[in-house]
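Inspection log for the structure reproduced underneath, given as structure tokens.
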Amino acid sequence: MVSSTLLVMSISLFLGLSILLVVHGKDFNQDIDITWGDGRGNILNNGTLLNLGLDQSSGSGFQSKAEYLYGKVDMQIKLVPGNSAGTVTTFYLKSQGLTWDEIDFEFLGNVSGDPYIVHTNVYTQGKGDREQQFYLWFDPTAAFHNYSILWNPSHIVFYIDGKPIREFKNLEVLGVAYPKNQPMRMYGSLWNADDWATRGGLVKTNWSQGPFVASFMNYNSENACVWSIVNGTTTTSPCSPGDSTSSSSSSTSEWFSQRGMDSSSKKVLRWVQRKFMVYNYCKDKKRFSNGLPVECTAKNKNTKS
């Protein structure tokens, strides 16, 4: 009973503190290129706000000017309000080429009153199929919320308002590919995916509710390692703790050398997954009838991460 009480107190304290998280953002004009949408994406308010639009003709999207090899990136997002069924808003990291790496946040719209689903995935060398989905436990359309990706040599962690919701560990020792050699850009987009996004495609986009708008602010890449090209030559080594390619050596050391989550973070992770997870590829034996992926059966339990 005492241990249960302490667990509740610990989680409550962690959740309360995470609300105080402050993200210092950059100027979108300096850090972001709007890459598609024919004017449906706009940078406003002296570079502090970016809106993406979607109508029946097209969605819109952007990418970071810089590429990163490892980092912690944050974005505050306010999702499409009202009947957003069929729409997908994204925030993700992705490399180039046919054997790309990718770390995804995708927010699946729904009919008014139903909760949003956040869809996460990790691609390595062009292969994904590592989906985990969660209901959001708040209204993501009423205010901006902070979404973060931590990617270092040991693990990848997805955060919402400072709370870890998923961890993908480096299990190369077991033959599981891990993103480590390909620099990634940060991307965001708003697009129509009514063939699959809402109830497996059963609910279609109601275009009379459009145009749809998702808003982004406070992009923070201060703790990301910029992949640099000097005199036409690509720097092939990632930054390490204290490297000048990151703007803050002390904070770089903290996230770069992190080998796993501490006990309090693990408790919050378990709480989120127990309460809000709606799909986990590591539990889908029907889909993987010939055996679950290696990381799902590893002793260090990537199954719940």
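Just so it is clear, glycine is given a Cβ too, placed from its N, Cα and C backbone atoms.
According to Swiss-Prot, the features are:
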type	residues	note
SIGNAL	1-25	signal peptide
DOMAIN	26-216	domain 'GH16'
CARBOHYD	Asn46	N-linked glycosylation site
BINDING	Glu106, His119, Thr120, Asn121, Asp129, Arg130, Glu131, Asp195, Trp196, Gly200, Arg287	xyloglucan binding site
CARBOHYD	Asn110	N-linked glycosylation site
CARBOHYD	Asn146	N-linked glycosylation site
CARBOHYD	Asn206	N-linked glycosylation site
CARBOHYD	Asn231	N-linked glycosylation site
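The recorded positions examined here are Asn46, Asn110, Thr120, Asn146, Asn206; by Cβ neighbour count within 10 Å, the least packed of them is Asn46.
For the xyloglucan site, whose binding residues are given in the record as Glu106, His119, Thr120, Asn121, Asp129, Arg130, Glu131, Asp195, Trp196, Gly200, Arg287, the maximum C-alpha distance rounds to 21 Å. Closest to Asp129 (xyloglucan binding site) in space, going by CA atoms and restricting to the glycosylation sites Asn46, Asn110, Asn146, Asn206, is Asn110. Applying an 8 A CB threshold to same-chain residues 6+ apart, the list for Glu131 (xyloglucan binding site) reads His119, Thr120, Asn121, Tyr279, Tyr281.
Taking the C-alpha atom of Asn206 (N-linked glycosylation site) as reference, the shortest distance to any of the recorded positions Asn46, Asn110, Asn146, Trp196 belongs to Asn110. Of all Cβ atoms in the shown protein chains, 10 besides its own fall within 10 Å of the Cβ of Arg287 (xyloglucan binding site). Cβ neighbour counts within 10 Å, taken over all protein chains shown, single out Glu106 as the most crowded of the binding-site residues Glu106, Asp129. If you compare Cα positions, Asn46 (N-linked glycosylation site) sits closest to Asn146 out of the recorded positions Glu106, Asn110, Asn146, Trp196, Arg287. Of all the recorded positions in the record (Asn146, Trp196, Arg287), the one with the smallest CA separation from Asn110 (N-linked glycosylation site) is Trp196.
Its Cβ placed at the centre, Trp196 (xyloglucan binding site) has 12 other Cβ atoms within 10 Å. Following the DSSP three-state reduction, the secondary structure of Asp129 (xyloglucan binding site) is coil. Recorded residues Glu106 (xyloglucan binding site) and Asn146 (N-linked glycosylation site) have their alpha carbons 14 Å apart, per Cα-Cα distance. DSSP assigns Asn46 (N-linked glycosylation site) to a helix.
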